[in-house]
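According to TrEMBL, the features are:
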ACT_SITE  E82  active site, nucleophile
ACT_SITE  E86  active site, proton donor
DOMAIN    1-196  domain 'GH16'
CARBOHYD  N90  N-linked glycosylation site
REGION    216-236  region 'Disordered'
SIGNAL    1-23  signal peptide
Amino acid sequence: MVSHTLLVMSLILFLGLNTFLVAHNNGTLLNLTLDQSSGSGFQSKAEYLYGKVDMQIKLVPGNSAGTVTTFYLKSQGLTWDEIDFEFLGNVSGDPYILHTNVYTQGKGDREQQFYLWFDPTAEFHNYSILWNPSHIVFYVDGKPIREFKNLEAMGVAYPKSQPMRMYGSLWNADDWATRGGLVKTNWSEGPFVASFMNYNSENACVWSTDNGTTTTTPCSPGDSSSSSTSTSEWFSQRGMDSSSRKVLKWVQKKFMVYNYCKDKKRFWQGLPVECDAKKNNKNKNKNKNKT
């Protein structure tokens, strides 16, 4: 695990002046704050093409309605790729909503939302993104909550060629974040504070530029470019094992509150292709058996 001190060495701070570094357990705790004048945030110095990144986060306590705390990967340009954790604040006593999304070539609309099975404001919890050539997996405290598979063979775009930086931020989004924008940010409750520590990017493939030439460090099994012995495991992973899939099903059954793949009213002309991937594969197999 990357030390608390390395957290700051790996990051660039941005978005206003409301970012504070404080000593915490012989290391560094990064506090982002939000008030009426400004939000705050940070980004990784490095860009990655595939990787597994982790961050420990403690969310805004109390009445956090209207606020959004984020941890995500994103590339640049008009046809960007993006992998999102967004934590939507709520009024005191109501649960946070964990909002996830995957953008490919500038197109998102793949939202899945969850309640958490713990109070994310009481202590730090670990949030992770695994992104390899076969799939993207979102984890909370090591439990998989969402999987987005590479289904390019079915015509579904997949992020595979644009390097992404890691970002974190705390900002005001009271036009949509809480009950669709019905509940506004109560600025008298501010300043709002979200805390981050233990950023870990050891299992990530760094995209680099040398003398004006852009290159990517190939992150493949046994490649010496990665400092972690677990590179082979996450990079080669083509799907989840049975125990992980069981946990995924438990989380989605108990805690998922929105799934774009179930929203036929929104997608009245037909659900996105990836939503019917399992059904389409079954039909293909049936047709093969007939022939």
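Note: Cβ is positioned from N, Cα and C throughout, glycine not excepted.
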I'm trying to understand the geometry here, so how far is the Cα atom of the residue listed as 'active site, nucleophile' from the Cα atom of the residue listed as 'N-linked glycosylation site', in Å to the nearest whole number?
24
Is it possible to get the count of other C-beta atoms within 10 angstroms of the C-beta of the residue listed as 'active site, proton donor'?
19
Sequence gap of 6 or more, C-beta under 8 Å: which same-chain residues meet both conditions with respect to N90 (N-linked glycosylation site)?
S64, A65, Y96, I97, T178, V183
